[in-house]
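Pulled from TrEMBL:
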- 7-26: transmembrane segment (TRANSMEM)
- 120-137: transmembrane segment (TRANSMEM)
- 149-175: transmembrane segment (TRANSMEM)
- 180-266: domain 'Wax synthase' (DOMAIN)
- 228-249: transmembrane segment (TRANSMEM)
- 261-278: transmembrane segment (TRANSMEM)
- 290-309: transmembrane segment (TRANSMEM)
- 329-346: transmembrane segment (TRANSMEM)
- 358-378: transmembrane segment (TRANSMEM)
Amino acid sequence: MENELHNFIKVWILAIISLCYCFYIPSKLPKGIFKLISLTPIFIFFLYLPLTISTAHLVGITAFFLSWLANFKLLLFCFDQPPLSPPPSNLFHFISLASLPIKPKQKTASQNRSKPPQRSILFAIKVLILALLYHCYSYKQILNKNVVLAMYCVHIYIELELILALAATLARAMFGFEFEPQFNEPYLATSLQDFWGRRWNLVVTSILRPTVYYPIRRISTRLLGSRWASLPAIVVVFVVSGLMHELIFYYMTRVAPSWEVTWFFILHGVAVAAEVVVKNVVPEKMRLHPVVSGASALGFVAVTAVWLFLPQLVRNGVDEKNIGEYSKVTWFFILHGVAVAAEVVVKKVVPEKMRLHPVVSGASALGFVAVTAVWLFFPQLLRNGVDEKTIGEYCKLMDLLKGLLPF
């Protein structure tokens, strides 16, 4: 695991250096073919970098952030399209926007109001559900196989949402402005179109629209007219999404694609296109009630996921690997995530006059960090002798510096 962390850090250092090149050189070129040629080595390099990592969580995050999102954002950058155009004046902002799954939110008057604590409460509940799922995995030998797959579906959704939310929180803390949410409670979807277009993984949706959907729609408008132009565009978007998922699954499994995942997305693309046709043809009064259509859509997603999306992961043991990689260090961060969410809720609900004095709350926070670090964060490092190794490397570095000093 130590070597994997070193590789992970090395990959992201190389990615940051590559994005520095993108900021200083290609950004000065005019949009079009020359800018595209100047960025082509970066596209290839970002496709290669995940191959240097084997840990499921780390390679999945790296492939999603760099091989998919960063490459698609840089492709838009070639033609002076947002989110990287016009380039931010700050290099750090450019690197963060390119490499993290974030999209700055356009300010409106309604956003200046204080937000209710509902989102923080939901965040804390989802963390607790994830913790409960990991506890239930201990008994999966006695559980029905389909129940375990259903648990893994919920696990993938919650884990993906938490990872993206933590990335956005980090960026928000650094930049001081709001970002678009990555998910919008997909379990409340009223249709497949609502699920994929307005609720599930909205960062990907916002990238696929300008890179795939709008260009295909412009072409199909000339051939089919404006009423049906969206249909081929929808299907092509899902095909591209399926191929990118196949790529990520390859990074995670290192096994040749079985194309089940691609067919999962093709099936959903055709279903969403059919749903659009029905909405154009059938009067609103004759359509299914949103509760019924929403339940049908979620059932369709669940059944097809178990049939086509998950088998490749389960067949290659990614689920087992994923579960096994969770250590006490992970629970340290999950515990702090719940604590921060609870703190936000308290600040929203409790009047400022009734809160603890900053000295008391600060001392409590530092004490909580110290106790949980000793309990969950440091034991793995001490067990594997990382503390001794770090001290030894530090002493060698100090000896080297002393040798360079003239006195």
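Here, residue 1 is simply the first one shown, and the rest follow in order.
The backbone N, Cα and C atoms fix where each Cβ goes, glycine too.
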Report summary line: For the transmembrane segment (290-309), the candidate among 120-137, 228-249, 261-278 having the most Cβ pairs under 8 Å is 261-278
Report summary line: Sequence-distant contacts of the transmembrane segment (7-26), meaning Cβ under 8 Å and at least 6 residues beyond its ends, amount to 35, 38-39, 42, 45-46, 49-50, 52-53, 55, 58, 62, 66, 70, 74, 77-78, 87, 91, 94-95, 98-99
Requested in this report: Please average pLDDT over the domain 'Wax synthase' (180-266) for the predicted structure.
Outcome: 93
Report task. Would you mind splitting the domain 'Wax synthase' (180-266) into helix, strand and coil residue counts from DSSP? Result -> 65 helix, 0 strand, 22 coil
